[in-house]
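The FAD binding site annotation in Swiss-Prot covers Gly9, Gly10, Gly11, Leu12, Ala13, Gly14, and the record cites sequence analysis as its basis.
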Amino acid sequence: MTQQITVIGGGLAGCEAAWQAAKRGVKVRLFEMKPNCYSEAHHLPGLSELVCSNSLRGDSLENAVGLLKEELRRLESLFMEGAEATKVPAGGALAVDRDLFSQYITSRIESHPLIEVVREEVTRIPEEGIVVLASGPLTAGLLAQEIGRLAGSYLYFYDAIAPIVAADSIDYGKAFRASRYGKGDGDDYVNCPMDEEQYQAFVREILAAEKVEPKSFEKVVHFEGCMPIEEMASRGPETLRFGPMKPVGLVDPRVGVEPHAVIQLRQENLEATMYNLVGFQTKLTWPEQKRIFRMIPGLENAQFLRLGSMHRNTFINAPELLMATCQLKSDQRIFFAGQITGVEGYVESASSGFAVGVNAARLSKGEGLVVPPAETAIGALARHITNTEAAHFQPMNVNYGLFPPLPGRIKKKEKRGLLAQRGLEALEMWLPELS
């Protein structure tokens, strides 16, 4: 006897989770608060509304999001079915007609005999049965309080994201390894030194740079612990040098003295393929970030795997709270899916919903749960949000820095293609587990 699944949230993750569970013969009640109640960012009455952009980003396997989309195609994702049915010309990217996309997904969901769409706001999490929480990045009110009851201090309402660069794009001829005062293993950080002239030019460019204007639903809330670098720079020319760029305790071994200023890069993952710019959360536009941060000695040719941002975003500390299957450790009948888990982006949200929908159905039927291989884009993203360092967890787009490294020395221009090939091969080997 299968248990009915309750899905809270009719966005990309919730719809994908509901669809995958129903495809596997399980009844689903999908709760969506629209059109009775709208968030500040939503305007369409339908399901799976794309709020900010109609672009689903590049289709090439040279980009990890392209691989993620190809995996979802092969897995017969409703999200990708809808995207292909409503796509518009966009060069090498995949973009959709937002209204038609929402209408398509809504029609498919509402016409499925095993899915009941309930148009009402959820204010309490059911105390029995299997539940998928996919309420999205603007979760607020009583439902946010309910999630807070489960998550405790590990529920956040704003993100403060620093850029991440690929380790193999750092120029170690200019950067040096060291920890402040030799603490830890002594070389835990990669340090990019600046002299006084470089520092002053860097600060000038930050102050003059174009910034992202906050959305109407985003109140500007800056906490001292995660102040944007441009805000710090506006407080005085030396503020950054006494904040995230302070050089004290860091001696450049090539000259034997402390630099005028230092940008520290901290290892982001166990494989040491990604490093983040410590304390460099920012609201500079992405083109300005690339231009200005490539002024940093050692990062002139940096490959940015994630760019900085600060915005309204309800999410949990997934590594602290969730199992590898995105079940709540403290109550395994509850799954989390979508951006509330810390995945960032449309495709990533659908991917999260796919994996959770499959496992919610399997739990309902008393079957063993499955985890996608880490070599796949779906698996690499899932592993990141549930198995990264909880203390520094922030939302993340899919990127090749999340994947297990390839064995041996690989030419840089060949690496992405080989990672994509390995990912698709791993996916094909995983498919029998899903049947």
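Backbone N, Cα and C atoms are what each Cβ position is placed from, and that goes for glycine too.
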Around the FAD site formed by Gly9, Gly10, Gly11, Leu12, Ala13, Gly14, which additional residues qualify by having Cβ within 8 Å of the site's Cβ center?
Val7, Cys15, Glu16, Ala17, Glu32, Leu47, Ser48, Ala134, Ser135, Gly136, Ala337, Gly338, Ser349, Gly353
Give the sequence-ordered list of residues that share a chain with Gly14 (FAD binding site), lie 6 or more positions from it, and have CB atoms under 8 Å from its CB.
Val7, Ile8, Leu30, Glu32, Leu47, Val132, Ala134, Ser135, Ala337, Gly338, Gly353
By Cβ count within 10 Å, point out the most packed of the binding-site residues listed: Leu12, Ala13.
Ala13
Counting across all protein chains shown, how many other Cβ atoms sit within 10 Å of the Cβ of Gly10 (FAD binding site)?
28
Neighbourhood of Gly9 (FAD binding site), C-beta criterion under 8 angstroms, separation at least six:
Phe31, Glu32, Leu133, Ala134, Ser135, Gly136, Gly338
Three-state secondary structure, which DSSP defines for Gly14 (FAD binding site):
helix
